[in-house]
Amino acid sequence: MTIQWFPGHMTKARRQIQEKLKLIDAVIELIDARLPLSSRNPMIDEILQGKPRLVIMNKADLADPEVTRQWQAYFKNEGLTAFPVDASTGTGVKDIPNQIKLLLKEKIDKQIAKGMNPRAMRVLIVGIPNVGKSTLINRLAGRNIAETGDRPGVTKGQQWIKVAGGEMELLDTPGILWPKFEDQNVGYRLAVTGAIKEEILNVEDIAFFAIKYFANYYWETMSERFDLKERPTDLDNPDEIVAVMEAIGRKRGCIVSGGRVDLEKASSLFLRELRAGKLGRYSMESPY
Ligand code: G4P
C-alpha cells in the first residue's frame with residue numbers, strides 16, 4: 001500500500017516514534033540495500049535523538065554485493081554499524097541480537113557492575129514503507145505475527161515480542177517513516193525498486209531513469225537480456241536512451257500499428273522483469 005504523506009502525517013509519525021523512544025534501548029533503522037540513502041528518512045538523526053542505532057540494509061539478496069560492501073564501509077565511516085540482511089529468507093538476521101548487545105555493551109556492563117541482572121534489551125524497528133519491517137519482525141520472532149502493510153496514524157495495542165531466548169524484546173509495531181520526497185531522483189529510485197507505486201510517477205519516466213542508469217552501470221546484463229547492440233555514447237542525450245527503450249520494446253514485441261514501439265508497454269515490461277530479478281542483482285546508488 002502506498003501512503004500519501006502530508007505534513008500532518010509526518011508530524012504524527014514523528015511524534016509516535018518519539019513516544020516509543022522512551023520505552024526502548026536501541027533502534028533498528030531498516031533501509032533498502034539497493035538504495036541506502038534514498039530509502040532513508042531525511043530527518044532520521046533528529047528523530048532518533050541520539051538513541052543507539054543499528055542500520056540494517058535489507059533486501060541484500062537483490063543488491064549488488066560489491067556496492068553493498070562499499071555502503072557498509074560508508075556507514076562505518078559515519079560512525080554507524082550497518083550490515084546486510086535478507087529478511088525474506090533470514091540470512092544475516094540471527095546476528096542482529098548480538099549486534100544490539102554490542103551497541104548497548106556499556107549500559108549492560110554498568111548494570112552488571114551494580115550487581116543488577118541486565119534486563120532484556122528493548123528494540124524498535126523503524127523504516128519507510130515496503131522496506132521489509134513486518135518481514136523482519138516476523139523473521140526475528142520466528143512466527144507470523146506482524147501485519148504486513150502500513151497504516152500511519154493507526155494505533156494498535158502494543159506488544160513486546162521476545163527474541164533470542166528473551167535477551168531482546170521487540171516492539172511489535174514498527175515506526176513508519178517517510179522518504180525524502182523533495183528530491184525527484186529519490187522518487188525515481190524508489191519507484192524503480194517498486195517501493196512506491198507507479199501511479200505516482202509516469203511509468204515511462206521511471207523506465208527511462210532505470211534504463212539510463214543500467215546503460216551506465218549494468219550495460220552487460222541489460223544488453224544480454226534484451227539483445228541490445230548499440231550502447232549509448234552520450235547518456236545525457238535523451239534520444240539515445242529512448243532508442244534503447246525502443247530496442248527493448250521491439251525485442252519484446254511491444255509494437256503498435258505502423259510499426260512504432262509502444263513505449264508505455266515496453267516500460268512496464270522492462271520494470272516488471274527488473275523487479276522480478278531477471279536482470280540480476282543491482283544497486284541504484286553507490287556511495288562513491
Ligand atoms: P514493510 O512492513 O516495511 O512495509 O514491508 P514488508 O515487510 O511488508 O515487505 C515489503 C515487501 O518486501 C514484501 O513483498 C516482502 O516479502 C519483501 N521483502 C522484505 N524483506 C525482503 C528481503 O530481504 N528480500 C526480498 N527479496 N524481499 C523482501 P511483497 O511483494 O509486498 O509481498 P509478498 O510477495 O511477500 O507477499
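Heads up, the Cβ atoms here are built off N, Cα and C, so glycines get one too.
Residues or ranges marked as domain 'CP-type G' in TrEMBL: 14-179. Marked as GTP binding site by TrEMBL: ASN58, LYS59, ALA60, ASP61, ASN130, VAL131, GLY132, LYS133, SER134, THR135, GLY175.
Shown on the structure are the features that TrEMBL records.
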{"residue": "ASN58", "record": "GTP binding site", "DSSP class": "strand"}
{"residue": "ASN130", "record": "GTP binding site", "DSSP class": "coil"}
{"residue": "GLY175", "record": "GTP binding site", "DSSP class": "strand"}
For GTP: widest Cα to Cα gap among ASN58, LYS59, ALA60, ASP61, ASN130, VAL131, GLY132, LYS133, SER134, THR135, GLY175 in Å: 24
Neighbourhood of ASN58 (GTP binding site) by C-beta distance under 8 A, where only residues 6 or more apart in the same chain count: LEU30, ILE31, ASP32, ALA33, PRO84, VAL85, ASP86, ALA87, GLY127, VAL131, GLY132, THR135, LEU136
Close-lying binding-site residues around ligand 1 among ASN58, ASN130, GLY132, SER134, GLY175, where CB distance stays under 6 Å: ASN58, ASN130, GLY132, SER134
Fewest-neighbour residue among binding-site residues, criterion Cβ within 10 Å, set GLY132, GLY175: GLY132
Neighbouring C-beta atoms (10 Å sphere around the C-beta of ALA60 (GTP binding site)): 24
